[in-house]
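Everything on this sheet refers to the single structure shown next.
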Amino acid sequence: ESRERLSVCSKLCYAVGGAPYQITGCALGFFLQIYLLDVAQVDAFYASIILFAGRVWDAITDPMVGFFISKTSWTRFGRLMPWIMFSTPFAIISYFLIWFVPDVSRGQVMWYLVFYCAFQTLVTCFHVPYSALTMFISREQSERDSATAYRMTVEVLGTVLGTAIQGQIVGKVDTPCIESPFFFGMTNSSVAMEELNMTHDTESLTDTRNAYMIAAGVIGGLYVLCALILLLGVTEKRESSELQSDEPVSFFQGLKLVMNHGAYIKLIAGFLFTSLAFMLLEGNFALFCTYTLGFRNEFQNILLAIMLSATLTIPFWQWFLTHFGKKTAVYMGISSAIPFLIVVVVLDSNLIVTYVVAVAAGISVAAAFLLPWSMLPDVIDDFKLQHPSSHGHEAIFFSFYVFFTKFTAGVSLGISTLSLDFAGYQTRGCSQPDQVHTTLKMLVSAVPVGLILLSLLLFKLYPIDEEKRRKNKKALQDLR
C-alpha cells in the first residue's frame, strides 16, 4: 500500500492533464451555438446539423479509440502516453480553425463540420487514454479516489478558464444585433434581413470574429502547456497482472464482458440522463441569458459565476462522499440543481437573483463533474473480481461511458437547435419571438429537471454501496 501512494506533485501533474478537454469543451459547449448563429451567421437548421453531426461523430470515435488503445503495444513511454503526445498538435490546429470564419459564400457549413469533427476525434485521442490512465497511476483505491478529486478540481477550474477566457475576450466586443424586420412593416422577412445586413456596421462583426480567434489562440496555448505537464510529471505503471501475460486482448470479447456487467450498465444509465440535463443547460444557457433574461452583456459573467462556484465546491463533495458514501453524494448533489433550475425561469428577470441562482447551481455542477469519474474505478474493480483472468479492458469502460453520454448529448443539442429554428429564431436579432423564449425556458429548465429526476430513479438500482466497496477492496488485495 505504501508503494502505491502518490505524491502531491504526481497528483497535481495528473490532474492538470484533464484541463485541456474541459477548457475546450466548455468553450465549445457554451459558445459554439451562439457563435454559429450570430457570428458566423449559419442558418439555424444547418447549425443544428453541425452540432448534431459533430457530437455524434465525437461519440462514435470514443469506442474506436478505445479499440485501438486496447491493441496498442507497451512502449517505453507506456501504452497510453503516446496517444496523448501525438494527438496534441493536430488538435490545437483544428480547434483554432473552428473559430475562423472562412471568406467563402459556399462551403461554410462543410468547413465547420469538417474541423469540428476533426477536433472531436483528436481530443478523444487525448481524453480516452487520459481517463483510462486513472487505473495505471496506482492500484490503491484510496489513492485513485484522491487523484480523481485533484483531477476534478482542476477540470472544473478548466471550465472556469474556458468560460473566462472565451467569455471575457469575446464579451469586450459588442456583437452587433439586428432589429426584428417586423418593426419595419415588411412582409418578406428574408428581404428585410438582407437589406438590414447590407446597411449594418460590418466592422463591429469583424472585431467579434477576431476576438473569437484570439480566445482560440490563448486556449490552444494552455492545451499545449497542460499536455506537457502531464507527459513530464506522470509515470504510467504497468499492471502486475498484465506483466504475467503479454497476449493481445480481444476487444470484442472484452466489450461483450463489459456490456454484460450489470453495475456498469446501471451506472452509465444514471449518468446518461444527468449529463443530458447539464448538456442541454450548457448548450442553451448563453442564448437564454441573452434573449429571455435580457442580459446580453452579462451572460459570460453569469457562466463564470457558475464555474467558480463549482470549482470551490469540488473539495466539499470529495469530503462528503468519503464520509457519507458516493450514492448519497449522487442523490444530494444532483438533486440540489432542481429548485434553482425552476427559480430561474419562474421569477421575473433580475440580475442579482440570476447570480444567486448561478452560484447555487454551481454546487450541483461540481457533483455532476466529480461523481461519475469517482465511481467508474469502483465498477472496474468489481469487474476484475468477477473476471480475474480478463484484463486490459479499462479503456473500454471509460470510452463507452463517454460514448453514450456524448451520443445522447449530440442528439439533444441537435434537436434543441432545430426546435429554436422551428420556433422562429432570428439570426443576430436584438430580440426574439415569444415562441423562442418559451422554447429556451423548456430547454434550460423543464426538460433538464425531468431528466435529473429520471436519473435519480435509475441510481436506486446501482448495486455498489460503501459496504460493497470495502468488500471489493479487501478481495482485490487478497487476490494480488
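Numbers run from 1 along the shown chain.
The backbone N, Cα and C atoms fix where each Cβ goes, and this holds for glycine too.
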Fill in the blank from the handout: Which range is transmembrane segment per TrEMBL? Of 12-32, 33-53, it is 12-32
Problem - Residues from the same chain, set at least six apart from the ends of the transmembrane segment (395-420), whose C-beta lies under 8 A from its own - result: 33, 44-45, 47-49, 51-56, 58-60, 62-63, 65-66, 69-70, 80, 124, 127-129, 131-132, 134, 251, 254-255, 258-259, 264, 267-268, 271-272, 275-276, 279-280, 283-284, 287, 372, 376, 379-380, 383, 436, 439-440, 443
Handout entry: the transmembrane segment (263-281) versus listed stretches 211-234, 301-321, 328-346, 440-462: most Cβ pairs under 8 Å
Key = 440-462
Handout entry: Residues of the parent chain within Cβ reach of the transmembrane segment (211-234), under 8 Å, 6 or more residues beyond its termini
Key = 9-10, 12-14, 16-17, 19-20, 23-24, 27, 31, 35, 39, 81, 84-85, 88-89, 91-92, 95-96, 98-100, 126, 130, 133, 137, 161-162, 165-166, 169-170, 172-173
Problem - Stretch among 113-137, 352-374, 440-462 sharing the most Cβ pairs under 8 Å with the transmembrane segment (80-101) - result: 113-137
Problem - Whether the transmembrane segment (113-137) meets the transmembrane segment (12-32): three or more C-beta pairs under 8 angstroms - result: yes
Handout entry: Leading contact stretch, 12-32, 301-321, 328-346, 440-462 vs the transmembrane segment (352-374) - CB distance under 8 Å
Key = 301-321
Exercise for the section: For the transmembrane segment (301-321), could you work out the same-chain residues 6 or more beyond its ends whose Cβ comes under 8 Å from its Cβ atoms? Expected result: 26, 30, 145, 149, 152-153, 156-157, 159-160, 163-164, 167-168, 171, 285-286, 289, 295, 328-329, 332-333, 354-355, 358-363, 365-367, 369-371, 374
